[in-house]
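Undergrad: According to TrEMBL, the record shows the following:
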- 6-153: domain 'Lactate/malate dehydrogenase N-terminal' (DOMAIN)
- GLY12, ALA13, ALA14, GLY15, GLN16, ILE17, GLY18, ASP43, ASN106, VAL130, ALA131, ASN132: NAD(+) binding site (BINDING)
- ARG93, ARG99, ASN132, ARG163: substrate binding site (BINDING)
- 157-325: domain 'Lactate/malate dehydrogenase C-terminal' (DOMAIN)
- HIS188: active site, proton acceptor (ACT_SITE)
Amino acid sequence: MAKEPVRVLVTGAAGQIGYALVPMIARGVMLGTDQPVILHMLDIPPAAEALNGVKMELVDAAFPLLKGVVATTDAVEACTGVNIAVMVGGFPRKEGMERKDVMSKNVSIYKAQASALEQHAAPNCKVLVVANPANTNALILKEFAPSIPAKNITCLTRLDHNRALGQISEKLNVQVSDVKNVIIWGNHSSSQYPDVNHATVNTAAGEKPVRELVKDDAWLNGEFITTVQQRGAAIIKARKLSSALSAASSACDHIRDWVLGTPEGTWVSMGVYSDGSYNVPAGLIYSFPVTCRNGEWTIVQGLSIDEFSRKKLDLTAEELSEEKALAYSCLS
Ligand SMILES: NC(=O)c1ccc[n+]([C@@H]2O[C@H](COP(=O)([O-])OP(=O)(O)OC[C@H]3O[C@@H](n4cnc5c(N)ncnc54)[C@H](O)[C@@H]3O)[C@@H](O)[C@H]2O)c1
């Protein structure tokens, strides 16, 4: 028997990530090729015409899995009955703007959309925040949607995770699908810590630690980290636009693994509500290594953290605490 369609909300759907993301969802990249979907697309009134153009293209693409499209500038209509919400819409930092001004705009957007989701989304709706500052936007959403369980609100660091896998695969000249268990700790910002201390590569001789194969700790502790941290800026420099297809693809990876589960022996990075694991302050949305099963994520426990890593975990936590304080100051 055919499955019931899942309703997936994409906010900021007329933007560049949205344009890459909605066809992936309609093709089954996010939820599987046997899962029908109904797309809910939200944008703001100045983008309404462009949003309608995206809707026209979705119709023209005749995706077999796509059972309906809602394209609207009304947050309540957009959020009604959604099972999954991918929050891509936000206010970008423009030249000359203070950090606080950008934060204040996003705090008010995420406060309003939190209420719309809380009141109108389907029970147990899963939320992924992509728009920057992603961790703090997710935290504000959580605070203003108190009836949505904290475990249902996450932010995207899977793009950083995938970038780290890509760098290791290029360095070792191995397939990216043979590299696993890198970790992105902390903020989706340049303070994040891409950690390879537990990462492995599948080789003809079995699974080998990345450090043993790379044999270059200076590179792993230096250039590798900064390349992953600065990759977003490098893409902007090259494309004159920020990353879009890789962000959309990683958002699909994030939701797919969350809903359908991570493969045995593999973890992924997700920005989730900290419970104090690894001495990260509780109450931040912080990227951890997680495994997923039955639609729920669990932080991987018991990994050894050396002194070098400890400092980096703390540094990115400090930045998130500061962002949290700034966001709260915008509320008063
Ligand atoms: N977490 C990540 O890994 C990651 C990666 C890349 C980009 N991003 C972030 O994703 C966001 C989107 O990037 P983009 O390149 O698609 O930007 P974009 O400017 O092309 O699109 C953003 C869209 O959001 C819409 N929007 C603005 N306010 C809105 C609101 N209140 N409700 C609904 N829609 C709203 C805009 O009209 C626009 O269509 C940015 O914040 C970017 O920094 C995050």
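Cβ atoms here come from the backbone N, Cα and C positions, even for glycine.
Automatic, uncurated: that is what TrEMBL annotation is.
Give me the structural setting of these features: burial, nearby parts and distances.
TA: The DSSP secondary structure for GLN16 (NAD(+) binding site) is helix.
ARG99 (substrate binding site) carries a helical DSSP state (H, G or I).
On the 0 to 100 pLDDT scale, the model's mean across the domain 'Lactate/malate dehydrogenase C-terminal' (157-325) is 98.
DSSP classifies HIS188 (active site, proton acceptor) as coil under the three-state reduction. The Cβ neighbour count for HIS188 (active site, proton acceptor), using a 10 Å radius and every protein chain shown, is 28.
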Undergrad: When the domain 'Lactate/malate dehydrogenase N-terminal' (6-153) is classified with DSSP, how many of its residues are helical, how many are strand and how many are coil?
TA: 68 helix, 28 strand, 52 coil
Undergrad: Using ASN106 (NAD(+) binding site) as the reference point, find which of the recorded positions ARG99, ASN132, ARG163, HIS188 has the shortest Cα-to-Cα distance to it.
TA: ASN132
Undergrad: What number of additional C-beta atoms lies within 10 angstroms of the C-beta atom of ARG93 (substrate binding site)?
TA: 16
Undergrad: Relative to the Cα of GLY12 (NAD(+) binding site), which of the recorded positions ARG93, ASN132, ARG163, HIS188 has the closest Cα?
TA: ASN132
Undergrad: ALA131 (NAD(+) binding site) to HIS188 (active site, proton acceptor): how many Å between their Cα atoms?
TA: 10
Undergrad: Going by Cα-Cα distance, pick out whichever of the recorded positions ALA14, GLN16, GLY18, HIS188 is nearest to ASN132 (substrate binding site).
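TA: With Cα distances computed to ASN132 (substrate binding site), the winner among ALA14, GLN16, GLY18, HIS188 is HIS188.
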